[in-house]
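Below is one structure, written out as structure tokens, with a few remarks after it.
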Amino acid sequence: MPKTISVRVTTMDAELEFAIQPNTTGKQLFDQVVKTIGLREVWFFGLQYQDTKAFSTWLKLNKKVTAQDVRKESPLLFKFRAKFYPEDVSEELIQDITQRLFFLQVKEGILNDDIYCPPETAVLLASYAVQSKYGDFNKEVHKSGYLAGDKLLPQRVLEQHKLNKDQWEERIQVWHEEHRGMLREDAVLEYLKIAQDLEMYGVNYFSIKNKKGSELWLGVDALGLNIYEQNDRLTPKIGFPWSEIRNISFNDKKFVIKPIDKKAPDFVFYAPRLRINKRILALCMGNHELYMRRRKPDTIEVQQMKAQAREEKHQKQMERALLENEKKKRELAEKEKEKIEREKEELMEKLKQIEEQTKKAQQELEEQTRRALELEQERKRAQSEAEKLAKERQEAEEAKEALLQASRDQKKTQEQLASEMAELTARVSQLEMARKKKESEAEECHQKAQMVQEDLEKTRAELKTAMSTPHVAEPAENEHDEQDENGAEASAELRADAMAKDRSEEERTTEAEKNERVQKHLKALTSELANARDESKKTTNDMIHAENMRLGRDKYKTLRQIRQGNTKQRIDEFESM
């Protein structure tokens with residue numbers, strides 16, 4: 001049994017360990033990786049490794065892993081990376097996993113400044129990256145400092161502005177809040193839609209020379225070949241779409257491109273090393289094949305993948321809508337509960353007030369009852385005295401009668417009796433007056449008692465009403481491989497058909513131009529960052545970008561411009577650079 005070989009493959013967000021046989025091919029290892037991570041859009045990707053000369057190289061799929069120039073270490077180290085880029089991410093990247101791998105790789109390129117990104121776009125992209133990681137902003141969860149552990153902006157951008165970490169976080173947070181309701185997967189796609197408009201996105205640069213020996217850059221991307229001046233990798237000067245190229249070949253350091261236009265001369269340039277020409281050839285073949293494939297109807301497999309992706313997206317949207325609905329219901333229930341609690345507290349307070357009023361009324365009633373009793377006793381005393389006076393008056397009357405009788409009987413003592421009579425008469429008069437006074441007082445006491453009785457009845461009625469108020473019940477709660485040959489030359493025919501004439505990429509506009517929301521955000525960010533910018537720290541790329549903006553250029557306008565004229569004119573222009 002042959003001894004197995006340990007292999008470690010690092011994707012953009014995972015580390016995979018495999019044990020392979022000595023005869024395992026690059027394709028077998030590649031297939032094992034894509035199966036493990038659930039990736040079906042395999043045509044964009046490849047396995048990268050550092051060879052024995054420390055050059056970054058793509059693993060050849062048709063050769064054994066052990067037969068290639070991989071460093072003999074344990075485990076063997078590979079990176080799973082995107083080798084080819086789509087023309088339009090929203091049209092071509094189907095699976096969420098594909099979009100995520102591109103997102104992470106592009107983000108890394110932007111943060112490392114391998115892809116130039118202006119400051120305002122960098123902040124906007126950072127907000128989409130935050131949305132994809134954290135979801136909707138929630139002030140209860142995302143407290144101050146929640147982005148402290150995240151690298152979100154290129155070091156160049158941080159150094160060019162007089163803003164501290166908290167101030168950067170505040171700005172990113174504002175835009176994070178703007179993306180409320182956006183699915184994490186949609187935030188990833190929005191990030192890529194903006195990033196693909198960056199001039200250096202998806203471009204592989206190679207240092208070349210023309211026949212004159214001028215130092216230039218060759219850019220190989222999804223749309224064709226572009227030529228750049230040595231000091232400007234943002235603005236290509238000449239462009240050749242894949243649809244104009246018939247054959248590509250190299251012999252040692254010389255690279256030859258034959259155009260479809262037979263009247264046009266060969267497009268020749270020189271690379272510093274043979275291995276670079278091998279890589280250019282592999283990239284040209286892969287990008288050309290994908291360029292042609294895009295201009296044909298989708299294969300059954302791609303159609304199925306798109307249908308499945310649509311279904312999955314629809315399912316996620318349904319789940320999201322359901323979650324949002326549940327969230328709203330929960331929030332409404334919480335508000336209703338708070339309202340009920342508030343009403344309960346108000347009713348309890350009202351009940352307390354009623355109890356206090358009842359207690360006060362009870363005390364007043366008791367006081368009035370006591371006062372009524374006192375007045376009744378006083379009335380009884382006055383009545384008793386009146387009765388006593390009446391009795392005394394009667395007795396005086398009787399005495400008077402007796403005296404009169406005595407007067408008749410005793411004429412002798414008439415004068416004396418007359419005198420006594422006068423006295424008794426005066427006494428009777430006094431007693432009569434006293435009786436009338438007492439009767440008047442008794443009547444007054446009677447009236448007061450009657451008034452107190454009426455107040456008492458009224459208070460009893462109020463108390464009865466208060467006591468009959470119902471008790472408030474508490475409410476219820478609710479590949480293309482690089483050539484294997486050791487030879488110093490290789491050639492590839494780039495087949496073309498009727499679809500090759502489709503150059504729809506020249507009609508494209510940037511996301512900022514067609515999306516008013518993105519345009520508005522970028523304008524606001526440009527204005528916001530201008531005050532904090534340190535102009536002395538501008539880089540060459542910053543100045544080139546600013547000049548392009550001033551002239552109204554963007555990636556696609558430049559593309560249209562550099563493809564003007566026939567192939568011969570552009571090759572002549574390249575030779576004269």
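Heads up, the Cβ atoms here are built off N, Cα and C, so glycines get one too.
What Swiss-Prot annotates here:
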type	residues	note
MOD_RES	Lys83	N6-succinyllysine
MOD_RES	Thr558	phosphothreonine
REGION	322-342	region 'Disordered'
REGION	358-453	region 'Disordered'
REGION	468-549	region 'Disordered'
MOTIF	115-120	motif '[IL]-x-C-x-x-[DE] motif'
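Mapped onto three states, the DSSP output places Thr558 (phosphothreonine) in helix. The number of other Cβ atoms within 10 Å of the Cβ belonging to the residue listed as 'phosphothreonine', over all protein chains shown, comes to 19. Outside the motif '[IL]-x-C-x-x-[DE] motif' (115-120), and at least 6 residues removed from its termini, the chain residues within Cβ reach (under 8 Å) are 106, 109, 154, 157, 160-161, 195, 198-201, 233-234, 522, 525-526, 529, 533, 541-542, 545. When other Cβ atoms within 10 Å of the Cβ of the residue listed as 'N6-succinyllysine' are tallied across all protein chains shown, the result is 18. Under the DSSP three-state reduction, the residue listed as 'N6-succinyllysine' is assigned to coil, being neither helix nor strand. Mapped onto DSSP classes, the motif '[IL]-x-C-x-x-[DE] motif' (115-120) shows 2 helix, 0 strand, 4 coil.
With respect to their backbone Cα atoms, Lys83 (N6-succinyllysine) and the residue listed as 'phosphothreonine' stand 24 Å from each other. Confidence for the motif '[IL]-x-C-x-x-[DE] motif' (115-120), expressed as mean pLDDT, is 95.
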